[in-house]
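See below for the structure under consideration.
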């Protein structure tokens, strides 16, 4: 299986492996015997065990038969010698007549020339159909053609004959795409031929040139076809173990039309669950485990990408992730950022891979020498109680693209409510709320409540309509200093709100409409309310009576915005969510259907009414389109009547249309709306706690962004811990009680249980690291492969 190509025998005049595995002997020829008259037809009759009519081995169609190995291609240029994946030619042998000048002799020569031109097609057909004897014959024929050329042209000529010009696919790739019982033997013969003619390096590392599969090599195909023996043979023969397949088929943008695996052979083996090949590649001295693809992803990024939501897939991904990380022993492999600035941990959060995210966050390695690869450390344990330290690297908001921010703000993932229940995210948010967020939330509520009270009082005691609008600074007994201060406070606070919410809206991605409708709606309503207040003030300054319309709308919207502060309480936080979801999911759809009915029936009824005389007081209320629409709307809410006016052209038809409209809208649509709203409320109630936690998490992060940098550093969570030699991490301590799990074989950072003096993160200096905790008392049993605990 691991035979080196130098151990393989050349094809001509030496031993060649027969299909059955027993080598056949080619007798060495004298120079005079090299070119017999019927060489092309009867050369292999001299080979022991050769059969004139070999049985073609039938193969099963390959997995990628259409995208990578199409057997039908139209020859447009007429140069069918360069066609990819040629059809099987007829190999009938034409006997050469005795008279070389006869017409039959000329036809025979022409047939021989056509066979030479079809040599590439015949080689590709032989390797795809598993015809070993025919392949050997064709390679000998190809080698004879090479003797007529200059030595410097031979390598290029051979590569041209062994490679499809339109796709860059070699006959070696063709053989691997059509697996059959003779594939391994065919690969050996091709490698031996390439080595004998000094083209092994070019031949084995040839890449696809077609855009869809650009960069794919024979090693990639062997791994994808799960041919471990052939993959080992190619690696031993010098295949490039760091080749990158960059075609569109392997691009994650087209994941529904292709397969993304990270481009490299190692990543392909890992993503397709082939641990033997992964081990073989990692043991190879030329394999670059830290290699990154064109998107900046390394092998761990690729594993996160292929993970799915079902258990079987996640189990093998976690095993591969574990195996690669532990065998490499390189902590930086997990901290590498791709072109989007995401580590494998952050990528798992962005893609909503909850199981993989949980595994990475809580990975605890029990072996002492590899403890630095953990993200969870057991500080001490006593019975069922243990104190765990969770690494906050790339988790807290102190870093860009933190897991916490990605999870809270990414509306493209449906399970972010579930992801926020994972540790340490759950405890981290709870500690932030207790430390500063709840106090800021209460102050914000007080200020906004006082703002609404002041706005209401100022609006209520405004000059009435019968009075002239006074100058704003004309302080009389009716308008004193208190009212002026109230108006100034309302104006200043409204300007502050408009600036704050305007910046927040500007920072939102316009393309993320779902985020705006689901999470960021309060930014818009607060901004609109503040703008209405400012607009009413300026209209009042210039003595426009229209200021009252803006003022009334601002008051109504201001008190409605108080629902935002219900998210501070779990029992009341559902009201705003229910109202939001009912409006966006149910009411908008109802209004669309209702407006269609309203306009249609309004036009119909208005068309049935004749023009009324001006002196007729009993004129129909359906005399115009606008009047008809208004009357139909009254019928919808139960305020209209079904009286028939005398001036309708067809009273029976008029009545029929009214009754139909009432049935469709008042009876059918309204009851459907009520049913849909009830279903929405029920669904929200089932996820009430998770939705409320997501609301509160977004509120916490919004308030944290408002803090200045010096204050944010004071409120930073975690403690600096020494987890290994010269390895200090900012960790979050979580005490856990597990009656089903006893920490008997886990290495502890401290022998003695109980609380210890925590290091204040804000007071740590570089010199204080020598005074950090003394660690590394272990009780584990050293094993060949360290276990992990999730």
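Please read every residue number as a count from 1 along the shown chain.
Glycine too: its Cβ is placed from the backbone N, Cα and C atoms.
What Swiss-Prot lists as region 'Disordered' is 15-34 (among others).
The annotation region 'Disordered' is assigned in Swiss-Prot to 52-71 (among others).
Here Swiss-Prot flags 76-112 (among others) as region 'Disordered'.
Feature annotation from Swiss-Prot assigns compositional bias 'Polar residues' to 95-105.
What Swiss-Prot records for 117-148 is repeat 'ANK 1', and it gives experimental evidence as the kind of evidence.
Taken from Swiss-Prot, the feature repeat 'ANK 3' covers 214-243, and the record attributes it to experimental evidence. Tertiary neighbourhood of the repeat 'ANK 3' (214-243): same-chain residues 1-5, 62-63, 170, 172-173, 176-177, 179, 183-184, 187-188, 191, 195, 200-201, 204-208, 250, 263-266, 268-269, 272, 274, 276-277, 280-281, 284, 286-288, 291, selected by CB-CB distance under 8 Å and a gap of 6+ residues from either end.
As annotated by Swiss-Prot, repeat 'ANK 5' applies to 298-330, with the evidence given as experimental evidence. Here the repeat 'ANK 5' (298-330) has, by DSSP, the following mix of helix, strand and coil residues: 26 helix, 0 strand, 7 coil.
Feature annotation from Swiss-Prot assigns repeat 'ANK 6' to 340-362; the stated evidence is experimental evidence. Taking DSSP states H, G and I as helix and E and B as strand, the repeat 'ANK 6' (340-362) has 15 helix, 0 strand, 8 coil.
If you look up Swiss-Prot, you'll see 398-420 marked as repeat 'ANK 7'. Residue counts for the repeat 'ANK 7' (398-420) under DSSP, helix first, then strand, then coil, are 11 helix, 0 strand, 12 coil.
As annotated by Swiss-Prot, intramembrane segment applies to 621-646.
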Per the Cβ under 8 Å criterion, with at least 6 residues separating them from its ends, the repeat 'ANK 5' (298-330) contacts 252, 260-262, 264, 266-267, 270-271, 273, 275, 278-279, 282, 289-292, 336, 338, 342, 344, 347-348, 351, 353-356, 359-360, 363, 365, 370, 373, 785-786, 788, 790
Within the repeat 'ANK 3' (214-243), how many residues are helix, strand or coil going by DSSP? 16 helix, 0 strand, 14 coil
Which value does the mean pLDDT take for the repeat 'ANK 3' (214-243) in this predicted structure? 89
